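Input: a single structure, listed below in structure tokens.
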Amino acid sequence: MTTKLSSFCFLTHGLAGISCEREHGSSRRFFYLPSRRLVSTSCKMRQQRGFDSSKRQEVKKGSPKPILSINSGLQSNNDEESDLENGSADSVPSLKSDAEKGSSIHGSIDMNHADENLEKKDDIQTTEVTRRKSKTAKKKGESIHATIDIGHDDGKNLDNITVPEVAKALSLNKSEGEQISDGQFGELMTMIRSAEKNILRLDEARATALDDLNKILSDKEALQGEINVLEMKLSETDERIKTAAQEKAHVELLEEQLEKLRHEMISPIESDGYVLALSKELETLKLENLSLRNDIEMLKSELDSVKDTGERVVVLEKECSGLESSVKDLESKLSVSQEDVSQLSTLKIECTDLWAKVETLQLLLDRATKQAEQAVIVLQQNQDLRNKVDKIEESLKEANVYKESSEKIQQYNELMQHKVTLLEERLEKSDAEIFSYVQLYQESIKEFQETLESLKEESKKKSRDEPVDDMPWDYWSRLLLTVDGWLLEKKIASNDADLLRDMVWKKDRRIHDTYIDVKDKNERDAISAFLKLVSSPTSSGLYVVHIAAEMAPVAKVGGLGDVVAGLGKALQRKGHLVEIILPKYDCMQYDRVRDLRALDTVVESYFDGKLYKNKIWIGTVEGLPVHFIEPQHPSKFFWRGQFYGEQDDFRRFSYFSRAALELLLQSGKKPDIIHCHDWQTAFVAPLYWDLYAPKGLDSARICFTCHNFEYQGTASASELGSCGLDVNQLNRPDRMQDHSSGDRVNPVKGAIIFSNIVTTVSPTYAQEVRTAEGGKGLHSTLNFHSKKFIGILNGIDTDSWNPATDPFLKAQFNAKDLQGKEENKHALRKQLGLSSAESRRPLVGCITRLVPQKGVHLIRHAIYRTLELGGQFVLLGSSPVPHIQREFEGIEQQFKSHDHVRLLLKYDEALSHTIYAASDLFIIPSIFEPCGLTQMIAMRYGSIPIARKTGGLNDSVFDIDDDTIPTQFQNGFTFQTADEQGFNYALERAFNHYKKDEEKWMRLVEKVMSIDFSWGSSATQYEELYTRSVSRARAVPNRT
């Protein structure tokens, strides 16, 4: 807004204004200052742009000091003196100023506000007034230059400038010899009155401008509130704020310069050149203010992009779930391969012994064969001798005929007789030798047969004497599934199935021997043999059925699959009967299921007012018996190519939950515990108590575990009726109604209310979800049912994650022999091209998904801070969030050939094992972590964790510098606040401990490697919960 004033500004000869103190000073006074000339007056008022928002708070501490200056020039030629003392004494009104509104004339007011929306300006353009030269005025004249500087007035009026004062000033000139005529004096008085009118108009224009400024200031206050809100969201712009702080210092310097200029303005200004320099300085300030405004616009645009980030995170995190699935699949494959290797090693030893015995027997057989061949040769020689003897006998008979004929014939006969005697003796010797060889051969054959018989007896005896407890769980699960299959196919009675199942449960030798005996017989004979074993023993264990959407390694997306498999195996080892019921997905790992087959029966379940058939498959996974349900529904619920992420997930899993309970009912099973997991099977709890307990499936207590309260599966209340539940009864605030809307239901809330036991994956997370922030709307429900709600820390598969047997490592090691850890560290440095010049340089590892939940801003900061502290840093992981992935790709390029930093933006199973084994320190700076596994794996491999105190991290990592924690539990370094300062404190302490005392550090490594993070302790806690709940149920027969 610009207001032009077409008026004259008059200043008396030698009149100058002096500004007083800043904001709370006294009223201003005018003084007479000598001057020699009158010059043209320029009046200008402009509202300047504000400073940058980062400087706003500093500016508010002190009120601005606006300057209103009027340069008036009055050019006159005086020919004669005049007596002013008798002139009229009309008063000239004083000029008023309001420093708080920020007006200025021939100056500038810096409002010190940085709101880009404030575009209004008040500009009182320059008005130059020059008095016409009097025709009679002399050419000699002096110019009087005066400057009135009106400062802060605090609402008070300035002293008036009156005509007598002007006359008095003019009389001073008269005393110096100048002459003013009466005509000139009258003309001068006319000009003074005209100036009074113009000054009044100037006051009115100023008042109008001040009103506009009031409106602008009110707009500023509203915008200031919005800016305060935006400032709280600028956590990612800390570096820009620091830059703004530097600019603030620059502005303060400029303010000091302005203050000096203000004081200099108090003194008379002797030359127009000084005013020109001052104007240029003001123009420079304006340009700087424009630059600051552009910075604010840039910050605001970046803030808008930050707001969109949160909305994309949830969608993009789902894309990472596939990576986690492949990781867990590889882990399970490794576990199976290790079990196979251990079994092969035993078989190899037995095979070696048998080969040694066979080789001994082969030698004996070869020796006996040679002896037999020699005996055969002797027999052939004997046969030749016998033929010769026969011929001789024939000759003798002929000779007897001619016996009497000749003496020669008689002598010949005597000679022949002697030869025969010799031949007979030789024959006897040959017979003796042949007999000895044959006897020796028979003895060898007998010894060989005895050896074979002894080996057979030893093998049979070993098979009979082998303890039944040493049989693998796959064997017992297969036997259990066989019994269940006969029951579902109605080939045995329900009571007989219960008794046989109980014998399997107890690993009864009789059922084992029977199974071995009938293994090759037909099914009818096998069933008859099994039914002969039926008895009524009592069982000491629990019968637990898990109904879940995932199970590692066959159908795994996240930690849920690990819990179902790990907890199931741990409970099985404790002597409990454990079964799993899963959907039969088309995309699951079928090669990880042993003895998978379909039963010759179907189970019908209700959905959408109809009965649908379900095909039942059985098999063993990791030694656990598993039932797979394949719905014969036209929607092909689990034939979609993925586990989750379908539009009808609510319908898919509510159908599966009812079909699972129908399977238990129709098979006649009587479990003690039905354990359901996450929202996908949360429907089991209300279905069990509302529909199936009245039908006779009433032996079980319901346990529900929520692995992440971020996912609650809410849907329209009308969809709940598809599985047969009463919508009117359950869509209530005290049942399943979601807190967000009255027409939506929450399966997780229903499971919490209808379950007998409710658990989550760590004690700290159990406390966090009972708050409004962590509970995601369920905190009040959890607090109401707090007596049955508990957090149990998950475990890890210590067979797969074992540095003593890990095949991915360059060298295996354990807590008693850490030499292998140094070898793995050297191997990793060589593999990644890192410097090995200093073997004691600490190596910091990080394996994670690069998502906001994992604290990516702290991970990024850790890279640079590790270098500053003299360490090396290795990162393995990728991000489903595009801008995060791009950011870390840029950092990767920055350190591509660096000696101490390497970023690997992918997931590599083998490399992850090596990083765990090689790292000295391992960072987990998560913002939010229900349980977490990496800290446990890191400690298992001798890497000391640096973790934020949240969720499961707070339950597994305890600071070694915290004296309130017993020494035996201290195992890492922790920090509370999710900022760089908190993280730096923990990282620096870790480096100091590492470098200060090597021997003490090695003892710490040995200690953390010895900590038991297996499923054993967790399974014991679940076992206690199960037992207490079942005991209470049996004590109260009519439970609800």
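Cβ coordinates come from backbone N, Cα and C, glycine included.
Quick caveat, the model's predicted, so the values are computed rather than measured.
Pulled from Swiss-Prot, these are the features on record:
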type	residues	note
TRANSIT	1-42	transit peptide
REGION	43-142	region 'Disordered'
COMPBIAS	52-61	compositional bias 'Basic and acidic residues'
COMPBIAS	112-124	compositional bias 'Basic and acidic residues'
COILED	187-466	coiled coil
BINDING	K556, G559, D562, R849, K854, K906, D908, Y916, L933, T934	ADP binding site
BINDING	W679, Q680	(1,4-alpha-D-glucosyl)n binding site
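Feature annotations (Swiss-Prot) mapped to structure.
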{"residue": "K556", "record": "ADP binding site", "Cβ contacts under 8 Å, 6 or more apart": "E324, S325, K328, D329, S332, E550, D562"}
{"residue": "W679", "record": "(1,4-alpha-D-glucosyl)n binding site", "Cβ contacts under 8 Å, 6 or more apart": "F653, C706, Y711, Q712, G713, P747, V748, A751"}
{"residue": "Q680", "record": "(1,4-alpha-D-glucosyl)n binding site", "Cβ contacts under 8 Å, 6 or more apart": "A548, A549, D649, F653, F656, S657, G713"}
{"residue": "K854", "record": "ADP binding site", "Cβ contacts under 8 Å, 6 or more apart": "T848, P925, S926, I927"}
{"residue": "D908", "record": "ADP binding site", "Cβ contacts under 8 Å, 6 or more apart": "L876"}
{"residue": "L933", "record": "ADP binding site", "Cβ contacts under 8 Å, 6 or more apart": "G559, D562, N794, I796"}
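The secondary structure of K854 (ADP binding site), as reduced to three states from DSSP, is helical. Other C-beta atoms found within 10 angstroms of the C-beta of D562 (ADP binding site) number 26, with every protein chain shown included. Binding of ADP is attributed in the record to K556, G559, D562, R849, K854, K906, D908, Y916, L933, T934, and the widest Cα separation among these residues amounts to 23 Å.
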